[in-house]
Amino acid sequence: MPLVAGVDSSTQSCKVVVRDAETGTLVRQGRAAHPDGTEVDPAAWWSALQTAVDAAGGLADVAAVSVAGQQHGMVCLDEAGQVVRPALLWNDTRSADAAAQLIEEAGGGEAGRRFWADAVGSVPVASFTATKLRWLARHEPANADRVAAVCLPHDWLTWRLAGAPGLEALRTDRSDASGTGYWSPATGEYRFDLLERAFGRRLRVPAVLGPAEAAGQLDPAVLAGAGTAATGPGAAAPGGVAAPGGALLGPGAGDNAAAGFGVGARLGDVVVSIGTSGTVFSVADSPAADPSGIVAGFADATGRFLPLVATLNAARVLDAAAGLLRVGLDELADLALSASPGADGLVMVPYLEGERTPNRPDATGSVHGLTLRTSTPAHLARAAVEGMLCALADGLDALAAQGAVVRRVILVGGAARSAAVRRIAPQVFGYPVVVPPPGEYVADGAARQAAWLALGGSEPPSWTPAGTEEYAAVPVPAIRERYAQARERHLDRPAQG
Ligand SMILES: Nc1ncnc2c1ncn2[C@@H]1O[C@H](COP(=O)(O)OP(=O)(O)O)[C@@H](O)[C@H]1O
Ligand SMILES: O=C(CO)[C@@H](O)[C@H](O)COP(=O)(O)O
């Protein structure tokens, strides 16, 4: 009964699960917080990973480990493998102008967007790594001069777990490579010409692995600071295939692909993940190329594709509403559920961090429909939940317009713990909503990948989460109709904002 570990290095925290490779049974887990902010020193992720591994009882007895992580973040390394500057995260919008430049340079407008969609499956927005590289080249030339290699958060952590053995040992996987803007999911090849176009010169990038290919081996010495359980020989998995040097390292994945893998999404399932980001995605057999830029044509963690719509404003909209109302998240849910569907016409457009889909990096949030009747905490709480879900429902429509089959929605992410989100989602989406038991589905997807690696075989082990809740579709179209009236009416950030 070998054990395997999965890591989710997400925006707000690092989570580690240790599971039985054959059955998927959870054996132990740990977590640690990440710092706030849209630029973060990767050393903070490494330190959180060590703390989370320690809290999860170490990795000395696991046969394989895979790391999933927030997508797109730009981690730049110099020739010696040192981090050049703090990583710019997916939700850092400073490269919005760079995204616009890259589209303009490819012909501008529809032609420019079409060029990028055809080349790499997605139209650049500020989230994508290519735009961050352009920003770096233009705004920090001294730092840019020092960069020898660029990789993503999960690539860097996997490499650190292997003992940081030289830039040539950097590895990534298809799903995360597909969010860079310089790798094509359709051809499975890097577009070095586009990397060069973005940054001005060619850089070393990680080799892209297939779904169950090993990225190397865990160097047990690198976790020496992470607690006694992690300092052992690292090959102690009974029946496992870990080599004497340490557990096998999986290719890892972008967090959304890992969540899809973790919940076992199939044709007809659309996964809606409500964490720091809101994402709406499905598993597909062919690559997407949406020139409108709404649907990103990513790859998945199984060798297939993952058309995806992402919003910048998701769980933190509820955090902000709870803060405004000075209540906890459970009380916010109670308040929201005490108001009627549609909140009597109160609408929140939740662009608190600007927005990525639709592409409005400078937008701010707004509240519409205030009357004496709707000026209550319950109405505001309901409007916050509905507004956030309406933005995701727009994404669901876009995915369906690109050919996704939608039979049900699988709801995951931190905010799926909210009773209000679970109950209001079927009203807003108009589809049955399935909520797996609260868990860490990104880390679980990574663990399942590690199990695939440890056990071998052409198919991954099938792990089925028990205790799934199902909510019937009860569409209330008026909620989205009212939101659609308000959506275009918002202010941009003040110049110094
Ligand atoms: N019961 C709850 N109700 C609403 N939001 C919740 C609840 N529990 C956790 N969250 C929110 O979930 C978010 C974290 O979710 P998670 O999926 O771990 O995010 P990420 O993967 O982006 O780090 C936080 O913003 C947190 O406030
Ligand atoms: O940018 C995207 C997807 O394109 C985000 O989904 C990030 O991958 C961050 O995810 P979370 O930390 O919110 O899970």
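The backbone N, Cα and C atoms fix where each Cβ goes, glycine too.
Computed from a predicted structure; not experimentally measured.
What TrEMBL lists as domain 'Carbohydrate kinase FGGY N-terminal' is 4-231. Per TrEMBL, the feature site 'Important for activity' maps to D8. The substrate binding site annotation in TrEMBL covers Q71, H72. The active site, proton acceptor annotation in TrEMBL covers D255. The domain 'Carbohydrate kinase FGGY C-terminal' annotation in TrEMBL covers 271-453.
Features as recorded by TrEMBL, highlighted on the structure.
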residue : record                        : DSSP class
D8      : site 'Important for activity' : strand
Q71     : substrate binding site        : coil
D255    : active site, proton acceptor  : helix
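For Q71 (substrate binding site), the count of additional Cβ atoms within 10 Å of its Cβ stands at 29 [all protein chains shown]. Taking Cβ-Cβ distances under 8 Å and a sequence separation of 6 or more, the neighbours of D8 (site 'Important for activity') in its chain are C14, K15, V16, A68, G69, D255, A258, E440, V442, A443, A446. Comparing Cβ neighbour counts within 10 Å across the recorded positions H72, D255, the minimum falls on H72. Proximity to ligand 2 at the level of Cβ atoms, with a cut-off under 6 angstroms, picks out Q71, H72, D255 from the recorded positions D8, Q71, H72, D255. In the predicted model, the domain 'Carbohydrate kinase FGGY C-terminal' (271-453) shows an average pLDDT of 97.
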